[in-house]
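Annotated (6S)-5,6,7,8-tetrahydrofolate binding site per Swiss-Prot: Leu122, Gly126, His127, Leu128, Ser355, Pro356, Phe357, in sequence order, evidence recorded as sequence analysis. Sequence annotations record features per position, and here Swiss-Prot assigns site 'Plays an important role in substrate specificity' to His230. Among the features that Swiss-Prot reports, N6-(pyridoxal phosphate)lysine is placed at Lys231.
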Amino acid sequence: MPDNNLEILFQHDPAMAEIIQGELQRQRDHLELIASENFTSEAVLAAQGSVLTNKYAEGLPKKRYYGGCEYIDRAEQLAIDRAKELFGAAHANVQPHSGAQANFAVFLALLSPGDTIMGMDLSHGGHLTHGSPVNVSGKWFKVCHYGVNPDTERLDYDQIRELALKERPKLLICGYSAYPRIIEFDKFRAIADEIGAYLMADIAHIAGLVATGHHPSPISYCDVVTTTTHKTLRGPRGGLILTRDADLGKQFDKAVFPGTQGGPLEHVIAAKGVAFGEALKPQFKAYSGQVIANSRALAAQLMERGFKLVSGGTDNHLMLVDLRSIGMTGKEADRLVSEINITANKNTVPFDPESPFVTSGLRLGSPALTTRGMGESEFKEIGNIIADYLLSRGDEAVKHDCLGRVKSLCDRFPLYPGMKMAALV
């Protein structure tokens, strides 16, 4: 009898199994520095690959449109209860399929087409769903964007207030995809109160840090908080809506179903519940602290090697390297680090002269490799590996050396060591 899922899949669909096995090997052999990626536990994988995928369950626990939901109700309620405990929220909806779906449900609940929303410009570290013209949020609503201060490359709350007073948005959005500093939610609350706006925090990137107290929580300041459940939270890919207002919570529930989704993905919801349970344990708090320590170690090493970082460093899990300091584009740097089995992503920097397809920046993050057990000394070594190869501009001898150093780190900190590779037939 086969004793793991890959062996089962190889028996039934060897073509797909070989692809999945190849991806497992890629994850094992590469240093993952994409700030939005992480490695879930095998317990999360088990829940997501369970028989719960077979069940339709439109509605909410004990309010379903289908029969046979007694175990589904228990699984979803457990996930809800754990999410509320983890973040200190009065209400949680665990059904959004993604962070984008969670954000759109909030828009449906609070806004009408043509209303004004205000969020950070995508090129400064915002997100597509915060009013980018290529996203539905930028097509259905009037959008005004704020950015960072050109001198400090940090949020300028006085400038944000001035823009908010001028534009009077109905919804003010804070929370970002490429901002390496602490967000002061209390200052956003004061601005929202002054203009009578709803305040939404999208903490998709920092949710794990918020849950463990390593970043200030927005729950007591914001009308609604959205997040993904992967990234620093280390769960399955999915979304979550949180609020301290039970009445608003009912509106968000309706906006998710039937407003924007049909049947929830209960196997993913169960996996979210497992991840929330893991995040409630002391080990996860220690992990979150190490994520920040590792990020700062990598940032310090890169700056020591002469690289400029946006805002001069980091307070969280990510950093933005401004490659103009070495005369390189983000596209080129992304290609070069991939040649030595390091995975990152090109990224715009504030006031970037390059297009989004080229960029002047490289975004790096610490969550995934921290999950593998690496600490500050390993992240300093990673900083040196990146610096050595980028500064060499792809020299073959340096490439050979860097590949060996990357392999050494991957071998010392194995990924999913208990997960067997299936025999190719």
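Yeah, the Cβs are placed from backbone N, Cα and C, and that goes for glycine too.
Known features from Swiss-Prot, placed on the structure.
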| residue | record | contacts (Cβ under 8 Å, 6+ apart) |
| --- | --- | --- |
| Leu122 | (6S)-5,6,7,8-tetrahydrofolate binding site | Leu128, His130, Ser132, Thr348 |
| Gly126 | (6S)-5,6,7,8-tetrahydrofolate binding site | Gly119, Met120, Ser132, His145, Tyr176, Ser177 |
| His127 | (6S)-5,6,7,8-tetrahydrofolate binding site | Gly119, Met120, Gly175, Tyr176, Ser177, Asp202, Ala204 |
| His230 | site 'Plays an important role in substrate specificity' | Ser36, Glu37, Asn38, Thr40, Pro236, Arg237, Gly238 |
| Lys231 | N6-(pyridoxal phosphate)lysine | Ala35, Ser36, Glu37, Asn38, Ala204, His205, Ala207, Gly208, Pro367 |
| Ser355 | (6S)-5,6,7,8-tetrahydrofolate binding site | none |
| Pro356 | (6S)-5,6,7,8-tetrahydrofolate binding site | Ser123, Thr348 |
| Phe357 | (6S)-5,6,7,8-tetrahydrofolate binding site | Lys331 |
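Classification of His127 ((6S)-5,6,7,8-tetrahydrofolate binding site) by DSSP places it in coil, neither helical nor stranded. Site extent for (6S)-5,6,7,8-tetrahydrofolate: the farthest pair of Cα atoms among Leu122, Gly126, His127, Leu128, Ser355, Pro356, Phe357 sits 16 Å apart.
With a 10 A radius on its CB, Leu128 ((6S)-5,6,7,8-tetrahydrofolate binding site) counts 16 other CB atoms from all the protein chains. DSSP assigns Lys231 (N6-(pyridoxal phosphate)lysine) to a helical segment in the three-state reduction. In the three-state DSSP scheme, Phe357 ((6S)-5,6,7,8-tetrahydrofolate binding site) falls into the coil class. In the three-state DSSP assignment, the secondary structure recorded for Leu122 ((6S)-5,6,7,8-tetrahydrofolate binding site) is helix.
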